[in-house]
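Features of the protein shown, as given by Swiss-Prot:
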- 155-255: DNA-binding region (DNA_BIND)
- 29-143: domain 'Response regulatory' (DOMAIN)
- 78: 4-aspartylphosphate (MOD_RES)
């Protein structure tokens with residue numbers, strides 16, 4: 001496992017690059033999972049120069065150890081990890097965390113793999129060989145997007161059918177089945193629907209609302225998020241009763257929604 005930079009050598013490294021942090025803001029922590037030693041060192045060196053803390057690991061065991069002991073802001077996963085499948089790391093992390101996940105890969109960026117990874121919870125893709133400047137830009141986008149999904153001061157709760165979405169706690173609860181975990185994109189997309197029930201929302205509107213920013217899969221990204229939400233909300237995702245398609249226009253949420261503002265309920 002490689003951790004970089006240390007507090008002692010960081011100041012000399014940052015002078016070579018650009019630091020966009022606010023005064024007093026801690027270093028953003030990137031956790032990289034890649035068994036390619038040369039790639040790990042390249043990413044560590046470049047991100048260090050640009051004011052990031054980077055922890056690089058080679059397998060899921062080291063990844064889990066770091067994740068359990070440190071605060072991580074972005075995860076970068078190579079799909080090809082020798083004897084391991086990077087998609088399993090994506091699947092396990094997305095099921096329990098909203099940390100943005102960027103996938104890097106050389107020979108597994110077919111459309112099917114992209115769709116599968118999006119369904120599992122990945123946020124972005126970049127193919128090897130890639131521009132290190134583009135890689136840095138994608139990390140910065142992921143960091144700009146993440147604060148928009150945190151609504152800790154919003155005390156509203158949305159109730160529909162037997163579901164309740166609590167914004168402050170970021171929890172989706174079912175009377176029948178308990179809590180259902182949502183990724184950041186799923187949470188934002190569901191909130192967009194609940195704020196405008198029965199209004200048809202275009203893909204562009206949903207893209208903005210859910211903060212999905214992967215140009216390579218622009219149209220498919222919303223469709224994949226819709227599919228994931230249907231699987232979690234609908235009794236029969238193939239015949240949805242809540243999230244419905246408006247042919248040629250977008251999607252709409254077909255249910256009565258009640259909103260509670262910290263105890264006061266409104267339709």
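Cβ atoms here come from the backbone N, Cα and C positions, even for glycine.
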Open item on the list: With Cβ-Cβ distance below 8 Å and at least 6 positions apart along the chain, what are the contacts of the residue listed as '4-aspartylphosphate'? List them in sequence order.
Closed with: 33, 34, 35, 36, 39, 86, 103, 104, 105
Task: Where residue 78 (4-aspartylphosphate) sits in the secondary structure, as DSSP reduces it to three classes - done: strand
- [ ] Kindly state the mean pLDDT of the domain 'Response regulatory' (29-143) in the predicted structure.
- [x] 87
TODO: Count up the helix, strand and coil residues in the DNA-binding region (155-255) according to DSSP, in that order.
DONE: 39 helix, 25 strand, 37 coil
Open item on the list: Let's see if you can do this one: DSSP helix, strand and coil counts over the domain 'Response regulatory' (29-143), in that order.
Closed with: 54 helix, 29 strand, 32 coil
